[in-house]
Structure formats: C-alpha cells, structure tokens
C-alpha cells in the first residue's frame, strides 16, 4: 500500500520520467517507507486533484472532538459500558422487563440507569462541545497562501492550507502548520520565533533559511520553485528534523531542525518570511505531542473495586438465602397452593424449586441497590469539585511567573494523600535554574571574584543566607582528596561570602526582580557580573598586545601562552553557544550597548525603559546565558550571530567576525558542544569546545616532552583541584578547551562530515561519530563555576515532607560533588547522618560494594553477626508489607551513574534496593533519563509503594510517566515535563501544600464517602431483607417502589456530595505545621479492609433497629402495608443523615442546607405523590398515606427515638475513641478547637517543629509540666522518641549506637575494594571542627565490634576518651578481610 502510494505521489512530476521514477522507487522500497516527498502545489493548481502527489497527506483542519451528531449516542454508550457496573445495572433493569421475575414497574426500574447514563453523557457532550468550539476558532484563523491563478498571496482559513502550499508569515503571526523556511526579510536570512505555546520557553530561537536559498538577490518567487523535498515521516520529536532538498540540477542540500518552523510558534523580530508547508493538521509535531489529560486508576479506586466485589457476594448470598427460604415456604404447603402463589407464564403451577429460581432473580432486582449505582457518578462529581478547589488555591499561584497549579489527570487526586516515595530532579526542580557566574580558573590560575560575591548579597534574604552558609560552610564531604589548606579556604570563603551578603539594598533587590521578568535568563543577578580586577587587567593587557601586533602586522604566535589562553577562553565563552542577539523593536537596526542618562530616573517604569538594553541576548539554556554575560563583563561581547558568521567585540580590538564553519550541538551522550571557526586574526581553523569536566578532562592530551606539555600537565592538575573546590561549594562546573586544525586535517574531517550531514537514515549516529573524531587532543583553557541557587522554601519543604514520612530520592545528571553539596544545602542530607558513597568501575566491584553495605547495615543497626545476615535481610524483600516492616535508618546513600547502571542489573537490583530503602536519603548522580525511570519502576514494582516523580525538563519525562503520580515544574526548561505530567506546579515548594493539605483532604473525603455509600445502601437493602421473613420470602417490599428506586438517587444523595467536597478533618495550618498527620493517608488509616466489614455490621444493626421498632409499634394496629412502610423509609432517611452528621468533621452552611433540602425534598415528593396517585400501581394504594401519618403523634415519636437508638453504638464508639485512644488526626482536630493564640504557641514548640513522632497523647498537650529552658532538653518530644528507640535497640544489641542518635558519635566505616570504594562517613553540622564545649555530648563508648563478611573473627574500632573529644568530621578505617 505504501509502495503504491509513493508511486502515485511521484508519478505526476513528469509523464516521460514516470517509468524511471517508479523503477527507482522499487529499488529503494525500504527507504521510501520511511520518508515523504513534498512537491510544490503551484505546479498542480490547474491539474486534476488525483494528479497532485501531495493529495494523500493530511489537510490542516484539526478535530480534537470525540463525537459527531450521529456517532455520539452509540459511541458514548459503548464507552460507558466499558465500566462493568454500568453493564450490571442495565442487565438488572432489563431483567425487570421479564414478567415472571419482575419486582417493580419496568419503566420505573429503568429510570435510575437512564439518569446515571444521561448525566455522564451530558458531561461528555459538554466537554466535547468545548473542544469543538476551540477547534472551530483555530480552523478559521487567517493566513496568507500563494495562489497560482491570482499570482499573489491570498488570505484563506487555516483549515484550507495543504501540504505543498507556500505561506507568507508576518511578524507576531502564529504559524498555521510546520513550514520549511525558504525566505526571510532579514538580511542575514534568519527568522526569530517564540516557542512558548509549544514548550513554554520564552526566549527567542533562531531559524535559518535553507542553505541553497541564502543568496537570493530578490524576493522569493514561488513560481520559480521547482525543487523536491525528501524528509522523514511525521513524528512527535520537537528537537529533530531530517531531510534534504533536491534541486533541478540534481544538487542536494541537507535540511535540519533549524530550517523548520513549527505550528503554534510565533514569528518575532522578522518582518516577513516565506516557507513551504511540510506537515499539516494532525501530522504536525505540535498536534502529535498533544495527548490531552491522562487517566489513571487510583489506589483507592482499586481498593473500592474489591469491596464492590464483596457487595456482589453479599447480594448473591442474600438472594440465595431468600430463594432457599421461599422454596422451603412453598414446600411446606404441599399440594395446597398459598394465596400469594405466582403462576408460570402458561398459567400452570410452579414447583418449589422453579419458584425458588425465579425468586432468586427477583431478589437480585429488589436488592440491586446494595451495589451503589450512584457511587461512581458521585465520585466523578466530587473529584471534579476537588480539582476545581485545588486549581483555585491562591497559595498555589505564582505571581512572578503568572502561573498556577494545573490538574491534568482528573481522577487520581486522592493518590496525592498516599504518597510514600518522592523522586525528584535537581536542576530547575530544587534549584531556580537561574545560573549565576561565580568563579573561574584560566590557565591554571583561579580568580575568586570576591566583588561579584558582594554584589550577589542583595538578591537573597539575610536569614536564608545564614542557613545556606551553615549548609555550605565547609562541612561537606568530597570523594576526591583535598588538602586541609584547601578545606580551610572553603570555610574562609564561605564566611566571607556570608558577611558580604548581609550588605545590599532591599530596594535594589526589588528593582532587580522587576527587571528579571522582561527577558528569559536575563535578570540583573545573572547579567551584571562584577569582573575580577586581576583577570580584567590581564584581558586588557592581552587585547592591547594583540592590537599592537595587528597594527604592526606581527604574528600572533609570539603572544605569551598564558595571555593567549585568557583571550581564547573568553572568545570561547562568547561564541561557543547558540545565543541569539536581537532587537525587539527594530530587528535590523544596529543598536548601542551603552546608554546615556539624559534625565533623572523618577519611577521604576522609567528605570526599566531607560536601563533595559535594546539588544537582547536570548539563550536556549541558562548556562549559556551566564557564560555570555560573564564574557561581556570583561568587554568580550557577542554582537551578532549569522548562520555562517559570529561577530564579537573585544577590548582594544573592536569588532571581529569569526567565520562559523560548523556547530556541533550539545547532546546528553557527548555532554559537550563545539564550534569550528576561522580566526580573523590568525586565519587558523580553530575548534572551541565547552562541556562537562568529566568528559573534557579525558580529552586533554598534552605532550609529555616539551615545555608546553609540562605546562599543560600543570594546568590540568591545578584545574582539577579547583574543579573539586567548585563542586564542594555546590557550583556547576564547565571546562573550556580548544584545538587548532591544519588545513589538511580539516579537509579530511570535512569530507566525512558532509556525508553525515546529507544522510537521512542514521544521520544522528554519523554526526555523533564525526563529532567524536574532531573533539580529540584538546588544549585546556580553563573552567567556570556557576551557581544554581535553590528555590525559595526548598529546604523547608524537604524537611516537612520528610517529617511526613516520605522517602525522598534525588536523581540528577550533575557530578557527584556538586549534587552532594546541593543535597546538604536543601536538607536532603543531614550533616549528622552517616553517608554511604558507592563508586564502582565494574559489575563485580558493584556487587561487592552492595554486599559490604548490607553487611555494615546489619552490623550497625540490626546487630546480626551471622554469616547469613545479608541473605536474611534480602529474604525480607518478598514480604508484602515491606514498607512498614523494615526500618529506615539515619543513613544517606550517594551513588554515581556508572555504579547505578551496574546496580540496576537484574542480578543486583534486589541488593541495591535493600541498601537504598534502608537509607533515609538517596542521591543518584550522573544518572541518565533511562536510569531515572528504571529506578522509579524498580521501587514501585518491588516495594509495592506509591511513588511520585517531579521534574522540569525533557530528561525527566520518562521518570514522570512511570511514577504513580507525575508532577511537572513549569520552569525555564520548557513544558515537556508539564505535558507529560498529571499535575503541574510553578514551584517545588508548592508540593508541600499539594500533598500535605490537598492530598490529605482528598484522600480522607473520598475514603469516608465510599465507606458511607456502602453503609447507606446496605442499611436500606437490609430493611427489605428483614421483611422477607414475614412475607414468605416472596420478594415483596413494604416500601413503595418510588421510594425504593429514588431513595439513594435523590433523597440521600446531596449531603454526601457536599461532605465529600468540602469536609476538612484538620485545618490546612495544622496539616502543614504537623506533617506527621500525612502518615494517616500513607498507612490507609481512613480506608482499611476491616472498616468495610465494620460498616456492613453497623448497617445491618441499624436496619434491625429501624425495622423492628416500627414493627412492634404498629404490631397491634390495623394500618396497611404502606402506612407501616412509609415511617420506616422516613426513619431510615433520618438515620442515614444523622450518621453522616456524626462522620462530618467540618460544618458549613452548605452542609446544613443540603440536609434540610434532602428532608424537604422527601416530604415534598411524598406529599405530592400520595395526594395525586390513588391507583397508580394496583393493587397497592399509597393515597393520602403521608398526610395521615403527619397527623399521628406516634409517627413523630418514632422519628425521634428510632434514629437515636440506631446510632447510639456508633456515637458511643466515636466518643470513647476520641477520649481514650485518639488517633493522630483526632489530636490535630483537638488542636484546631483551641483558641488561636494557644494553638500557635503549641505548634511553635521546638519539639513539635523538630519533627517528633506525634503520639495519641502528645506531650505538648500536657499542662502539668513546665517547658524546658536554654536547650537543656530542648527537643523534648524528639528526645523521648529517641529514648524509646534506644530502649528498643538495647533488647537486640547493647554495644551499638542508638537507631536515632542525632547528637552522639556514629561509627565510621571505609572499605577499600578492587575497582570501587565504599565510603561511610559522618559530618558535623557546625564546621570542620567542633568546639570542646559541644564535645561533652559524645557517648563514652570504647569499642564497637563489627562482624566481618566471613569467618569468626571481628574487626574492632577502638577509641580512647581523649580521641572522642577530637575532630570527628570524617572518621575512616580500612578493613582488610
């Protein structure tokens, strides 16, 4: 089929060449199946439609609706019948049409099912209508398309655009389709686009005209176009486009993503552009990426389905019991037929067995209410309301970015309250992704930029800076050995920074924040770099010498090596990037870099207008922007960028134009980018490379013989030491290098590179290999340290989530040292806890490291010296309740990407998981996107826990999609993560309220609502069941069928919807101040299996009371059946509503209104029905029943005494539970009832804030004891918790440290292994050395024995009392087996 299609597509080009084309296509069948050919439609305007080769491609009309007028009813019903419950209810309704088994009027029995299906259908119809309106609005937008008949561009609708049309695009116009750029009004043949609607990025991106159309001297004429485009099939990869254009003379030019303008983007800073449509409509990349909201099944829904199954079992048992009872009843009459006997359809008598079978089906109809038909619709309504309230929470709105929380998955809101593991990205998620240049090293000399550190003081609050300095202040471990002198410098530098940051104007900071909103990655904090005076002098000296040499025509090779490296370093920073320089108002006009102050600045707006430069630098990543701004601080400015030329402005040298020969873009495998340029001063072909230090340092190949080689080795060694320092300070490091190519080397490389560029199949692989051939034997220029600051509130959020019982793992691509220091700064790692660092070079070494880690954990915490300890530990992995059965210890685990790859192997994944889940924090460094998703999947599937993944970039998409709940951060890396997520947040700190408050509420509301539904239906059905004992199990009911059908659907439906939407068992303030309350949802405390059965038992008890009290009250009277049944219905309604009142925690006017409305609705319907229907359903006669009852005092007495009697046990249980053994949630609710000032004082206690375990009778509620003073017993509740654990540990091991020992010394342990290192260390929280005043808290332990892996001998760690008082920052021992 594809072959035939391709032959038809190319057959219309020329009748003479058609056979040749077909023959060529048959030879290239495999190739043609993966490409599409695009011809210009101007060649076929006058031809018949079937001759146009583009006719098989999709048009530009989009349709996101699911239904049409004809298909709506059958398609919607088909989708609704995918739910088993709907099929069941329809089956019951149709069964009621069978005369021999029907229990109600068939039309009346069908009403509830029709109502439920109609409500869902109307909801789906409304959603589809909204999509239809949006589609219509988009399809009827205007654009300019060239018409051959009129020989001009005409205005048509978007939906009329076809593949092969020529489109004229104007400034600020949105692209209607994916267009190949053929012409631009820009003299440099560039087109600037904004992709915010596509990927959320606000910075401008540069697209360039196809290479063969560069040199057009006049405007592009579509009639002269006669080329053919071969490109790839439509796909959803936004960052890739491959193809080539074949000209009439046979010449081929390669096509790249930089030539393609995507649908949905906006033209900026370009007056006009012309292109040809390549993909249209649903084949565009934007539409292929539009998957809409995601639908998942929540954990609570899965639990509910199990209980629905149990309801079916109970229903069948009740029906079977009634059928057997009816058969026995019939059997006792023998040949005498009872008065109420039902004959067969033929009029013959039925045997007892057949009567029992028919009655079984009848009872299924009568008891159908036991399966809650309205539960599923009610859950959908409640979830929609919950999403609405979450979406409109003002505290989850970010004013700076004008973004709010988005709920993209509508049916898993309750899962937010049951999370157990959080997997987070670091860059852009925990940090701001605002890169600030901090330090650099050039030619082996480090420049500290102290003045720049002082400048950054005004951008951060004093309090938060003090906390950050405590985290950064030299207390952080490093894998690489760093001398004590260097460590001391780290401390001094941090202290100096701390003192500097305290200075600074808050007004200037506010002004800076206003300025930062105008351009991406261009806030004053990022832009206004203060240069280092020493380095600035060297740059000026180098530039002046080069200017002198150029003036006197001297060779640049005589320039000193150190100065040459400096100028090359800044040239590399300036041109080795993809930064776009543009002017928003006058795109082609050259503008000034400096501005003159003509009048005083009076307002902030005036300041913005006056001091915002007209030349804008738009970068695709904040790292690139930071480096360009750093180079500009040294007067090395990027002036302009063309497809084949980069212009820079250097001090003393003025503007220099570098011929841009090639750009080898960054990719996650190479972890670097390079540009190949021709130097304007030396005319040499130079390669400038920028990338991660882990890869660049391996590409440096200094010569070991001459002096320059020795100098390079020295620079290499010094630079590595500085890189270690930068990483220890939490800075992101990049290395800069260069390479000079001879003409022969360049020609040899160019030949193979051009072949790779023009390939369609395997182009990425060929270009990758080409880049690897070029980026070898580099010359190191220097390195940079860039600070990625933490987002506001991240440390507090992580601390709060951890106190809530959540395990937090950070999966990042950053280098290990940087990630570790950021982890300490954001309180992921605690300086008081031990740190396990796993680095292995082989799978065998990784296996040995994991075994040693398990062995250490056993010896340290579980005190098992048996040789089988690790095996026994691993055997627990099969335990179904592993999450709650194994303790999490005060350990931190750090593992790098290479070791992680080994650990995720099937043979080692169980061991890795056993080690990782025993640690309080896990940090995976240098991890790839695939590894991130594999880690999440491993934890989710093996531990059977609820997982949440949060990230902000495209590299986090796979992790987000694998997790139970995926959260995307709408940050500066675009919207890829948001589009793949279930929830989107503006900031990481908002995760705290989303989980601890809204997640807790959503879970609690839905759990209680589901249990209430089961109770309510069971209680009502049981009333009819008890009546069967008095009617020969005939299937009769003492309740009128109108009440029976509409009781659950109308009379008792509204109050539970209000409670399920608005109920708050604990206030938002208390939930955030006491994160421990979140464990209520983690442990499924609101919905456990036994709760379902307790509700069933309670329902049957209440039905007994509601049935027999009216029964005995009217036993001696002469009332008819409905006069006795109507009070039972009324009493059941009152009992159910009062039951809901007991379970309601928060009362609002809507709760009261809904209950009053339900009662009023029941009496209104009853009065109208009993007054207007004397003989509706003969022989029953409900006429004037409720009217007579309302005149009877006994009716009112029953309506009071019966509900109270029925609810007395439940009320008594709730009262005793809240008084004698309250749950943590009930304790939190008691706090809410206290006066505001008292509650604030209690919540502000240090013991509570420290994250103590909240007990049912917490110490802070006691008024008999005075509060501790001056730190003696300061963390009272926390210490009590530690003592409890310590006592529990003593039962198993008396010679090891307590499980939770925040102040005591911990056991260091280092294991040297072949090919790897296991480093277990402890850190103090105050600095490199703790003072003698603090050392008195160390426990007096002289010896700790560790069982070795094999053999009976022990490894001893001894310590004298004097040694205990010494520096305990990082103890290490080497254990030789």
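Cβ atoms are placed via backbone N, Cα and C, with glycine included.
Copied over from TrEMBL, here are the features:
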- 425: active site, 4-aspartylphosphate intermediate (ACT_SITE)
- 425, 427, 952, 956: Mg(2+) binding site (BINDING)
- 425, 426, 427, 624, 666, 690, 732, 812, 813, 814, 926, 932, 955, 956: ATP binding site (BINDING)
- 19-31: compositional bias 'Basic residues' (COMPBIAS)
- 483-497: compositional bias 'Polar residues' (COMPBIAS)
- 50-107: domain 'P-type ATPase N-terminal' (DOMAIN)
- 978-1223: domain 'P-type ATPase C-terminal' (DOMAIN)
- 1-56: region 'Disordered' (REGION)
- 470-510: region 'Disordered' (REGION)
- 84-102: transmembrane segment (TRANSMEM)
- 108-126: transmembrane segment (TRANSMEM)
- 308-333: transmembrane segment (TRANSMEM)
- 353-377: transmembrane segment (TRANSMEM)
- 1010-1030: transmembrane segment (TRANSMEM)
- 1042-1062: transmembrane segment (TRANSMEM)
- 1092-1115: transmembrane segment (TRANSMEM)
- 1121-1140: transmembrane segment (TRANSMEM)
- 1152-1172: transmembrane segment (TRANSMEM)
Do at least three C-beta pairs under 8 angstroms join the transmembrane segment (308-333) to the transmembrane segment (1042-1062), pairs 6 or more apart in sequence? no
In whole Å, how far is residue 952 (Mg(2+) binding site) from residue 666 (ATP binding site) when you measure between their Cα atoms? 19
Please work out which residue of 425, 732, 813, 955 has the most C-beta neighbours within 10 angstroms of its C-beta, and give that one of the recorded positions. 425
Okay, the transmembrane segment (1152-1172) and the transmembrane segment (353-377): do they have at least three CB pairs under 8 Å, pairs separated by 6 or more? no
Recorded ATP site residues 425, 426, 427, 624, 666, 690, 732, 812, 813, 814, 926, 932, 955, 956, farthest C-alpha pair in Å: 25
Residue numbers, six or more beyond the limits of the transmembrane segment (108-126), whose CB comes under 8 Å of its CB atoms: 66-67, 72-73, 76-77, 79-80, 86, 89-90, 92-93, 96, 102, 365, 373-374, 376-377, 380, 1041-1042, 1045-1046, 1049
Please report how many Å separate the Cα atom of residue 956 (Mg(2+) binding site) from that of residue 425 (active site, 4-aspartylphosphate intermediate), as a whole number. 7
Run through 425, 427, 952 for me and report the recorded positions whose CA is within 10 Å of the CA of residue 813 (ATP binding site), in sequence order. 425, 427
Comparing the Cα of residue 732 (ATP binding site) with the Cα atoms of the recorded positions 425, 427, 952, the shortest distance belongs to 427
Within the predicted model, mean pLDDT of the domain 'P-type ATPase N-terminal' (50-107): 80
Rounded inter-Cα distance in Å - residue 427 (Mg(2+) binding site), residue 926 (ATP binding site): 12
Proximal but sequence-remote residues of the same chain as residue 926 (ATP binding site) (Cβ under 8 Å, at least 6 apart): 694, 813, 814, 815, 816, 896, 897, 898
Rounded Cα-Cα span from residue 425 (active site, 4-aspartylphosphate intermediate) to residue 955 (ATP binding site), Å: 9
